[in-house]
Amino acid sequence: MAVASASDPSPMQVLADFGKSKSLRTLLRVLILCFIAGAAVSSRLFSVIRFESIIHEFDPWFNFRATKYLIANGFYDFWDWFDDRTWHPLGRVTGGTLYPGLMVTSGAIYHALRALTIPVDIRNICVLLAPAFSGLTAFAAYLLTNEMTTNTSAGLLAAAFMGITPGYISRSVAGSYDNEAIAIFLLVFTFYLWIKALKLGSVLWGALCALFYGYMVASWGGYAFITCLVPLHSFVLICMGRYSTRLYVSYTTWYALGTLASMQIPFVGFLPVRTSEHMPALGIFGFLQLVAFIYYIRSALSGAQFKAFLFVGLGAVFGLALLALVAMTSAGYIAPWSGRFYSLWDTGYAKIHIPIIASVSEHQPTAWPAFFFDLNMLIWLFPAGVYLCFQDLKDEHVFVVVYALFGSYFAGVMVRLMLTLTPIVCVAAAMASSQLLSTFLSVKSPKVKDPAQEDVTDSLSKKTKQNAGGSLRSANSPYVGVYSFLSKGLVSGIMTIYLLLFVLHCTWVTSNAYSSPSVVLASRMPDGSQHIIDDYREAYQWLRQNTKEDAKIMSWWDYGYQIGGMADRPTLVDNNTWNNTHIATVGKAMSSSEEVSYPIMRQHEVDYVLVVFGGLLGYSGDDINKFLWMVRIAEGIWPDEVSERKFFTPRGEYRVDGEATETMKNSLMYKMSYYNYHTLFPPGQAQDRVRGVRLPDTGPVLNTLDEAFTSENWIIRIYKVKDLDNVGRDHAAAASFDRGHKKKKATKKRGPRALRVD
Amino acid sequence: MRWLPLFLSLALPFGTLAAKKPASPADTFNDFHTKAISTTPVKLADKSYKKLTASPRDYSVAVLLTAMDARFGCQLCREFQPEWDLLAKSWLRGDKNAESRIIFSTLDFSDGRDTFISLSLQTAPVLLFFPPTIGPHAVPGVEGPIRYDFTNGPLLAEQVHAWIARHLPGRPHPAVKRPVNYVAWAVGVVSTLGVAGALAKAGPYILPIVQNRNAWAAISLIGILMFTSGHMFNQIRKVPYVAGDGRGGISYFSSGFQNQLGMETQIIAFIYGLLSFSAIALIMKVPRVADAKKQQVWVLLWSAILFLLYSFLLSIFRIKNGGYPFSLPPFM
């Protein structure tokens with residue numbers, strides 16, 4: 001090609017040469033990365049622009065509350081924080097049962113900005129933390145991809161993909177102040193450092209990798225993904241006969257330092273040596289020592305038999321170690337897989353044994369539209385990228401393959417783990433698309449050869465075929481290049497369309513599906529204008545202003561964090577579902593009749609009960625739709641007193657209208673949801689718009705609770721638990737008296753009239 | 001003189017036996033317990049069912065009403081029967097002196113049609129538990145039998161055991177002991193050794209396959225395609241393979257974002273696979289075609305596939321997600 005450029009440079013060639021200067025390329029790359037980061041941040045701001053700078057959903061409210069506590073009380077108090085305002089009356093050792101990484105990160109940013117005399121509200125830091133870190137994630141994806149290929153444009157594409165793909169945006173929009181907000185950056189960056197350490201065999205990079213691994217452990221429970229993937233990668237490498245001192249140095253450095261770092265987190269503590277999900281890392285660490293020893297001996301000695309003996313011995317030791325692990329697990333020294341992890345393998349496990357895990361919507365398996373929705377065209381570029389990894393199949397490519405396989409399995413089992421799959425999809429898809437583009441976008445075309453030359457290449461290709469035993473079949477014949485401009489134009493045109501469509505898709509998905517704070521709901525008025533439904537905050541504000549500081553609120557656990565964060569009132573259960581029995585108690589109170597529920601509520605000093613009801617508005621995420629889970633969880637603890645079957649009609653239907661079962665109609669949840677609801681409608685027209693059924697004309701009667709507050713659209717209903725009756729009657733009798741009924745007891749006892757004879 | 005009370009007391013049971021036709025509860029229990037020792041659970045018929053569950057009882061009865069005959073096609077009955085037998089056997093073995101005073105029994109529909117009718121049972125299996133009505137363990141207020149729910153979860157002897165144990169407080173609950181399956185162990189050990197031996201012998205022939213990069217690439221890609229097209233969802237939710245569209249035809253795609261059909265995921269996996277393959281072909285194969293004309297044809301072919309299939313994929317996605325606004329030309 002040097003000939004072509006020397007003779008007569010075409011305009012295209014000039015342009016290409018212009019980009020060849022090294023410093024200019026670096027400048028361009030930095031600029032492009034900055035733009036990508038900008039795009040990543042700005043595409044996450046929909047909700048802030050549409051609504052306001054507000055914390056989203058459920059868990060973020062707890063993180064926000066914890067961050068405020070950290071800012072107010074300092075690090076040491078935060079570390080020792082015992083929270084008596086949740087899980088009443090148990091309380092929660094919050095400092096020892098959370099991943100502090102997120103709060104400490106935003107606390108550090110807050111103090112740094114303060115030190116720079118930039119006055120900023122902690123809420124804004126919390127809201128904008130996830131978008132800010134998404135820019136960093138894009139950069140980490142760029143670094144990771146550059147380790148995989150020599151083609152530098154692949155890294156930029158991967159950064160762009162990572163920046164805007166909905167699979168990652170789903171958990172990192174502004175306001176989604178959750179652990180994943182920083183954890184995905186740490187995940188990708190840790191993997192980058194691991195690859196770097198492995199490639200160089202350097203202790204420095206291994207230590208850096210361990211450092212970021214420690215940060216990751218401090219931030220998100222998903223760190224176990226790294227804990228399992230890195231040993232698995234090493235194991236596959238050893239099995240492929242690719243043991244090297246580089247592997248030894250990087251793995252042992254990472255494991256030793258990383259485990260020490262992870263044990264500094266109180267919530268993790270001694271888990272890395274005591275639970276099964278950490279055992280692969282420990283096992284591979286020991287295995288690697290053995291392998292290293294044997295390789296050392298082999299280098300010192302010789303003889304085929306000795307070698308064979310050693311390898312058999314290696315296999316035997318591996319098998320024995322596995323047996324010992326099983327024995328120690330059954331003897332109880334090592335905790336077996338925790339429920340959440342175990343349910344990833346035995347997918348039916350959670351549904352039978354831990355309904356509380358199965359009840360969470362993000363723990364459901366993933367249907368294919370969700371993959372396409374979250375990843376769009378990357379989903380089919382991804383296998384192509386993995387295939388390309390088999391071309392060279394260096395150590396780092398093995399990593400991509402292993403990660404891809406396991407990531408896609410986990411993402412298929414649990415919707416939530418789409419998040420861990422997304423980085424590798426972006427990397428692999430970027431490798432495929434950049435190679436496609438660089439093949440078809442190169443200005444140079446090969447010269448059409450004459451038949452005589454073709455024979456030569458034919459024989460050449462045959463030779464390479466014989467040589468290449470370990471390479472891909474599709475790479476057997478020699479590389480020629482693309483001849484015609486038609487081909488180049490066609491393919492690059494299609495790719496351009498797809499890339500543009502990808503951007504449109506991502507923007508559309510982000511704007512439509514992932515930018516709702518779910519605390520504030522948006523709806524459209526008939527004239528097309530936006531109408532904001534703000535019932536949640538209305539109700540929480542009511543609680544904050546109208547109830548005692550220590551009034552205990554009972555609600556289903558979904559709303560625990562929000563009540564704690566927004567209303568600042570103690571709750572019985574919240575989204576940190578650590579105590580199944582306590583949650584089942586609330587479930588029992590909700591699903592039993594008033595006579596059973598009232599003593600439970602008294603025992604737990606409940607002052608107010610909060611339910612979410614969507615019947616008026618057609619809001620489907622309400623408590624009646626979640627009700628069966630409450631029943632199931634309560635049934636798990638009290639199978640004699642709560643029975644799911646009784647909530648179904650004899651024909652097996654779950655109904656809330658006039659045909660509902662007696663148990664259903666008498667349950668506290670049903671009564672609280674539909675209390676007085678029929679009065680909103682003209683007689684005979686009371687309708688539940690979520691279930692789409694007509695309700696009976698007489699609503700349920702509540703004896704032990706008073707309606708205290710109902711929000712504008714009836715989404716939140718709050719009831720006050722009545723105190724004991726002054727005169728010592730039971731509540732049913734007292735309420736019946738208040739309604740103007742006579743005492744029934746007297747008439748019954750009187751008996752038949754008899755003539756009095758004196 | 002001293003013998004008289006003894007004689008009297010000995011004669012008393014005989015006297016009651018002669019005087020009262022229905023046997024005392026204790027006798028009924030002993031009667032059925034001896035039966036149970038030979039075969040447990042006791043096989044009942046209409047008559048013996050009535051006798052066993054007759055009202056003054058100082059013992060408990062657990063009856064499984066089942067329909068084992070192939071005519072009824074009761075899959076659940078056949079699945080549960082071995083578990084029930086296992087539970088009854090291990091209970092009897094663990095409680096030799098019958099301290100828990102419970103009789104395990106089975107009533108098949110073919111033997112006890114009248115009982116099924118009198119209980120107005122529509123479905124089988126049904127597990128009834130009759131608590132004692134008299135004696136120290138009598139549960140006051142419980143008249144009829146208690147019914148076990150077969151609706152939730154797989155049927156394991158342990159679960160039923162826990163349920164029965166709940167209704168027998170203060171009495172021994174011998175645990176379910178599963179017999180060691182020696183045959184399975186033997187088969188397992190022999191087959192493991194066999195496979196290991198075969199591998200050792202055939203190693204030189206298998207090794208090239210195991211080390212073949214193309215094979216691994218194919219396996220990885222198939223795995224990824226399977227998982228990303230919702231195979232695990234099918235496994236966990238046990239979705240039907242195809243569904244009718246209500247007009248006698250077959251619908252290949254279920255509407256709705258959260259559900260899918262078995263066939264549908266296979267179509268999707270196939271489309272993903274073809275799209276990936278065309279991308280791979282364009283990257284790897286096409287630039288290696290030495291003949292310019294041939295290469296042109298290949299490029300046109302693969303681009304056409306790439307374009308058409310993606311457009312088709314988008315059109316399928318619009319079925320699943322009604323509001324999806326994007327589409328590409330041929331399948332608008």
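Any Cβ shown, glycine's included, is placed from N, Cα and C.
Taken straight from TrEMBL:
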- A:28-428: domain 'Oligosaccharyl transferase STT3 N-terminal' (DOMAIN)
- A:552-602: domain 'STT3/PglB/AglB core' (DOMAIN)
- A:452-472: region 'Disordered' (REGION)
- A:735-758: region 'Disordered' (REGION)
- A:30-51: transmembrane segment (TRANSMEM)
- A:125-144: transmembrane segment (TRANSMEM)
- A:150-169: transmembrane segment (TRANSMEM)
- A:181-214: transmembrane segment (TRANSMEM)
- A:220-240: transmembrane segment (TRANSMEM)
- A:252-273: transmembrane segment (TRANSMEM)
- A:279-297: transmembrane segment (TRANSMEM)
- A:309-335: transmembrane segment (TRANSMEM)
- A:370-390: transmembrane segment (TRANSMEM)
- A:397-415: transmembrane segment (TRANSMEM)
- A:490-510: transmembrane segment (TRANSMEM)
In DSSP terms, the domain 'STT3/PglB/AglB core' (A:552-602) comprises 32 helix, 4 strand, 15 coil
Most Cβ pairs under 8 Å to the transmembrane segment (A:252-273), of A:181-214, A:279-297, A:309-335, goes to A:181-214
Most Cβ pairs under 8 Å to the transmembrane segment (A:181-214), of A:30-51, A:150-169, A:309-335, A:397-415, A:490-510, goes to A:397-415
Looking only at the domain 'STT3/PglB/AglB core' (A:552-602), mean pLDDT returns 90
Between the transmembrane segment (A:370-390) and the transmembrane segment (A:490-510), do 3 or more CB pairs sit under 8 angstroms, pairs being 6 or more residues apart? yes
Same-chain residues at least 6 beyond the ends of the transmembrane segment (A:370-390) with CB under 8 Å of its CB atoms are 148, 161, 165-167, 170, 397-398, 400-401, 404, 411, 415, 418, 422, 424-433, 435, 472, 498, 501-502, 505-506, 509, 513
Q) the transmembrane segment (A:125-144) and the transmembrane segment (A:150-169): do they have three or more Cβ pairs under 8 Å, with pairs 6 or more apart in sequence? A) yes
